[in-house]
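What Swiss-Prot lists as active site, proton donor is GLU462. Feature annotation from Swiss-Prot assigns active site, nucleophile to GLU538. Under the heading substrate binding site, Swiss-Prot lists ASN103, ASP202, GLU462, GLU538, TYR539, ALA540, HIS541, ASN605, TRP1000. Among the features that Swiss-Prot reports, Na(+) binding site is placed at ASP202, PHE602, ASN605, with the record citing sequence analysis. Here Swiss-Prot flags GLU417, HIS419, GLU462 as Mg(2+) 1 binding site. What Swiss-Prot lists as Mg(2+) 2 binding site is ASN598. Positions annotated as site 'Transition state stabilizer' by Swiss-Prot, on the basis of sequence analysis: HIS358, HIS392.
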Amino acid sequence: MTMITDSLAVVLQRRDWENPGVTQLNRLAAHPPFASWRNSEEARTNRPSQQLRSLNGEWQFVWFPAPEAVPESWLECDLPVADTVVVPSNWQMHGYDAPIYTNVTYPITVNPPFVPTENPTGYYSLTFNVDESWLQEGQTRIIFDGVNSAFHLWCNGRWVGYGQDSRLPSEFDLSAFLRAGENRLAVMVLRWSDGSYLEDQDMWRMSGIFRDVSLLHKPTTQIRDFHVATRFNDDFSRAVLEAEVQMYGELRDELRVTVSLWQGETQVASGTAPFGGEIIHERGGYADRVTLGLNVENPKLWSAEIPNIYRAVVELHTADGTLIEAEACDVGFREVRIENGLLLLNGKPLLIRGVNRHEHHPLHGQVMDEQTMVQDILLMKQNNFNAVRCSHYPNHPLWYTLCDRYGLYVVDEANIETHGMVPMNRLTDDPRWLPAMSERVTRMVQRDRNHPSVIIWSLGNESGHGANHDALYRWIKSVDPSRPVQYEGGGADTSATDIICPMYARVDEDQLFPAVPKWSIKKWLSLPGETRPLILCEYAHAMGNSLGGFAKYWQAFRQYPRLQGGFVWDWVDQSLIKYDENGNPWSAYGGDFGDTPNDRQFCMNGLVFADRTPHPALTEAKHQQQFFQFRLSGRTIEVTSEYLFRQSDNELLHWTVALDGKPLASSEVPMNVAPQGKQVIELPELPRLESTGQLWLTVHVVQPNATAWSEAGHISAWQQWRLAANLSVTLPSAPHAIPQLTTSETDFCIELDNKRWQFNRQSGFLSQMWIGDEKQLLTPLRDQFTRAPLDNDIGVSEATRIDPNAWVERWKAAGHYQAEAALLQCTADTLADAVLITTAHTWQHQGKTLFISRKTYRIDGSGQMAITVDVEVASDTPHPARIGLTCQLAQVAERVNWLGLGPQENYPDRLTAACFDRWDLPLSDMYTPYVFPSENGLRCGTRELNYGPHQWRGDFQFNISRYSQQQLMETSHRHLLHAEEGTWLNIDGFHMGIGGDDSWSPSVSAEFQLSAGRYHYQLVWCQK
């Protein structure tokens, strides 16, 4: 044990938090989570241990702007100004100090290992009692599961130790410091330390004791560590559970270790042995260790599909069977290896349906509770994810247990990121920083290696490629050869990774960055000498309204076996709740706390909002990742299972044939598909229909029974095909009265029955409509070529730094947002059965023509207005965001009914999950409440739209809400939006894709850009 004076002044003078060679003082060695059961049955059933006591709850807390500001008396007694805070928590969520959101830029001046003198410091204290029996024998430990970023610990006024690494436990022996009766803990937590230079992750920078604190009492002679691993024969019919156990204390001949393996109530295998490891060299072996091998016949294998869990109980006892203590862990029999360029689990090539997940809660910051963790896992499973990357640090210990039991593959990542360094490997190539990096990697492995869900180790994130990475890669491969190691830094294919693991590499497009080119994923596989699998550690940047082009990745994954999937960036929006002056909550992002530097809304890249409400993009991910694929040939549906291990024993295939959303025939068929097998389903012959409508076949895979992660009736997969229908002839309708045209100096007015249409002759726009005496428009019907910018349109542009390559900057520079209409033509003609209005406009900016729009409005005797639009786009202007029409309707109706793709928001490059049907939703559901307002709510492939008294027919895309594009564009946060008068309707003949390969460079694929130059579309507007 390191001994230094207990004096606070001496501790402050030492400044351990500015010395990369001091990562801990008196911290105990890492190990798997312990409970020190004194009853093996309680260990087997994982009952709460009487030897493990939580110290979570109310602690005394004082915040100071620097560590030197606290008086020495704090070590002995609480300060008068002390507040009460809950542990675990981040002190910023209690109003102390400000959270800082920054992606790359360090929140402090870069001068490693030094940190600012003004270093916000939290002083925690807790008074507690200890059971007297704990003082009489054994060892009492205190465990801090997570403290950000570094801390010193005192007990009863005496200094105990020091720890850093915010995301792994720091554990200390308190035995020599405790006394009978009351005891007092004092913890000095520093916001910044030299460790902060290794924790430059894209997240909120927060501080405090944010994970659990507990006391653990272990016997004097104790289990110090244990490690389990599984080995198999070639066909996985026989396995060996290898358990290595290390003890601490007096090594006596009578000591024994028994390892028993349980499946529920049934003991599968057991073995007992004395201590004494195998001979390593001429000096012998480890006297304090023992390795046991338990043979298991026909083990039930673990996978994310079928997470079969056994329980291993490790007992330390005497030769006569007297139990000293027991530890236990869940066990999954599974094998991970790379062979022939493929990542295999139990001999089968994996397809990683993964997502990156930060530990984030909108109210609690970086504090995770079991309910939130389970909620995340259930949502992931329900949306066909099978893997999660712990980005970018080891997670709460409970997370891994839950992943073991529910079934998720885990990439466990070391808490190392130096993204803001120039160059990035400035520290990771520096041997002075190897000890700090080493502790972050080795302790992660030692804590988490018993978890079957952990299938890959990661050396960290965005830290370049340094010699320290190579050393740590070799250490892991030596200590744990059962798992591959991945690391993206330095180009994604360095010597420190077993897997090519790029971030944001595109499917077909090379990105030729200096020194580290980012090849297309297809090309990467074929580089000379390259034989490794490729799994994207990050892809499909889900920031705001995004995930366009996601289907292209999944087409490639299924086409090329060595493209084994990837991890979407990322799971949850990192917005935080603030309250306005009236106590109303609102969602905040970077800069909203006065934090500088900050990266604005770049913290919100989730597939779900911070409260775990899904984004529309989550449905697209679910559909592309679904485990059943379908092929239609005639009346035959071929279903292929992508499950590797699971028989489809809880699935029904439900099919429906519908004409314009009206079901004509349906049935359901039990599914019985073997893993990686096929099932052929024959549909009955359907009558040939003569119809002008659209005939669609839709199949859904439904789970009739509830599972551990889904309710009964859960839909896991679906597909839709348009069927051929006989042509039909629409008979002419009976003659109608002819609309009457009235011309004045200012307007053309057309009247029919109780309806009127007014076209302004000076503007050339439809300026008003009446039904009876009620006006229908608040603004004229005008062309629209812009959208409220998406995050993907904005890229890295901001007020002080403009990216001229960003779509929004190109549109602004070209004048798309400022374009004004100049009338070329506005004429009216009375035809035999209709009135025809013909208009032409140029849309100009600073004398330059950007668009020419020609329209005809044909109003016939039935009251229908057929609108034909032809648009020319100037060859030297950027491709527009949309080509459509917009107006502000006077009515506010409760519901929207449409025949088209839905029900969720969809865009031209993100619509594979949408189905053609007749949908009916509340108006409020047509708006997607992205925290940073933008273009939202589009529905594509629409044939008919009904809203209030109006109906539109044609082939178009639309969005409809209470918010104008102008308001969306000018508003920084969703809570600042106000419902405008009436309803804004946007009807597009064409709409650009949204992109999403990344959010900092234009990523809309060429096929989804509006590059044709000439566009033509039609629609009919009538009143029901």
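Glycine too: its Cβ is placed from the backbone N, Cα and C atoms.
Here the features listed in Swiss-Prot are placed on the structure.
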residue : record                             : DSSP class
ASN103  : substrate binding site             : coil
ASP202  : Na(+) binding site                 : coil
HIS392  : site 'Transition state stabilizer' : coil
GLU417  : Mg(2+) 1 binding site              : strand
GLU462  : active site, proton donor          : coil
GLU538  : active site, nucleophile           : strand
ASN598  : Mg(2+) 2 binding site              : coil
TRP1000 : substrate binding site             : coil
For HIS358 (site 'Transition state stabilizer'), the three-state class that DSSP assigns: coil
Least buried by Cβ count (within 10 Å) of the recorded sites HIS358, HIS392: HIS358
Number of Cβ atoms other than its own within 10 Å, given for TYR539 (substrate binding site): 26
Rounded inter-Cα distance in Å - HIS541 (substrate binding site), HIS392 (site 'Transition state stabilizer'): 16
Packing count at GLU538 (active site, nucleophile) (other Cβ atoms within 10 Å of its Cβ): 25
Alpha-carbon spacing, TRP1000 (substrate binding site) to HIS358 (site 'Transition state stabilizer'), which is rounded to whole Å: 20
Where ASN605 (Na(+) binding site) falls in three-state DSSP terms: coil
Distance, ASN598 (Mg(2+) 2 binding site) to HIS419 (Mg(2+) 1 binding site) (CA atoms, angstrom): 15
Pairwise Cα distance for ASP202 (Na(+) binding site)/ASN103 (substrate binding site) [Å, integer]: 4
Inter-residue Cα distance where the pair is GLU417 (Mg(2+) 1 binding site) and PHE602 (Na(+) binding site), in Å: 18
Annotated substrate contacts ASN103, ASP202, GLU462, GLU538, TYR539, ALA540, HIS541, ASN605, TRP1000, maximal Cα-Cα distance (Å, integer): 18
Distance [Cα-Cα, Å, rounded] between ASN103 (substrate binding site) and the residue listed as 'Mg(2+) 2 binding site': 8
Whole-number Å value for how far GLU417 (Mg(2+) 1 binding site) lies from GLU462 (active site, proton donor) (Cα to Cα): 6
Fewest other Cβ within 10 angstroms of its own Cβ, chosen from the binding-site residues PHE602, TRP1000: TRP1000
Sparsest-packed among the binding-site residues, when each Cβ's other Cβ atoms within 10 Å are tallied, from ASN103, ASN598, ASN605: ASN103
Recorded positions (ASP202, GLU417, GLU462), the one with most neighbouring Cβ atoms at 10 Å: GLU417
Listed recorded positions HIS358, HIS392, ASN598, filtered to Cα within 10 Å of GLU417 (Mg(2+) 1 binding site): HIS392
Integer Cα-Cα distance in angstrom, TYR539 (substrate binding site) to HIS392 (site 'Transition state stabilizer'): 15
Number of Cβ atoms other than its own within 10 Å, given for HIS541 (substrate binding site): 24
